[in-house]
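Take a look at the structure below.
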Amino acid sequence: MRHASSTRVRGKISRADTMYEPGDNSIKVLPTDQEIQSEMHNVIDISSRILEANKEISDVLLEGDMALPKTRNAMKCLNDYCKWPKSPSRSVEVPYTIANDFYSNEKAVIESAMKSISAKTCIRFVPRTNQVDYLSIENLLGCWSTVGRSGGKQQVSLSVDGCVSHGIIEHELIHSLGFHHEHTRSDRDQYIRINWDNIPQASAYNFQKKDTDNLNTPYDYNSIMHYGRTAFAKQYGKETITPIPNPSVQIGQRLEMSNVDIQRINKLYDCGEHISLIYYK
Ligand SMILES: [Zn+2]
């Protein structure tokens, strides 16, 4: 069950109204029939946890936790604008702010997740000074992010009711770096079967393939960006995603970035160059 948060003094909780595109009828509504109970969190996957946290939100999200992007496919972006730029030191600085209504222990979890990405890549999350483009980490409704750099103040929602955990924060930050969900990548049909019969029509868009640049990295069942096998199921326990040819492969882990997740960030941002400058020159 959700813990009561009424005793906490919080800032204004509002929807990300700026994410709406007036007149855009393609905006989808999240399902309200999520099957996952929060007491099962120790055994369920990251996607189910995110979807559980997001179930009260409607209209603003794509694929459960991606805000309507200004750049529709960050992994293939013209002129690289959707990537965060390299600094003169060859690292990639991603400025951020964290809203004041997180408790200090929650802020520590968020910053620890940032450091876990920095420790294995050339991404450096830096407290914002006066940068124009930055992540604004806020306690809004649900867990969600835009994919890639959108320009200006870019909200990342980490609701204190279900989103402030290491794996979920990594997942949302990786969206903000430019990555879509693994189960939507362009070659996914060789690795998973989508069970359309188990998916309500209103949720089918969550499973549409994207024209992604897969950076010559293997399809990764263990990616923290992979949804679990019952995400958006019509009925409790029905599989919407089944790995092939081996249906028993685990998917949807929520613990931490996989090696391939790390490899991909390093490829997208040419971090190898950075590493060689630091360690071999
Ligand atoms: Zn996501």
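Just so you know, the numbers here start at 1 and follow the chain as drawn.
Quick reminder: no glycine exception, Cβ is built from N, Cα and C everywhere.
Caution: TrEMBL annotation is automatic and unverified by curators.
Features reported for this protein in TrEMBL:
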- 73-272: domain 'Peptidase M12A' (DOMAIN)
- H171, H175, H181: Zn(2+) binding site (BINDING)
- E172: active site (ACT_SITE)
Residues satisfying Cβ distance under 8 Å from H181 (Zn(2+) binding site), sequence separation of at least 6: E63, M66, M225, H226, Y227
In the chain carrying H175 (Zn(2+) binding site), residues 6 or more apart in sequence that have Cβ under 8 angstroms from it: D65, M66, S145, T146, V147, M225
H171, H175, H181 excluded, remaining Cβ within 8 Å of their centroid (Zn(2+)): D65, M66, S145, V147, E172, I174, F179, H180, I224, M225
C-beta crowding around E172 (active site), within 10 angstroms: 24
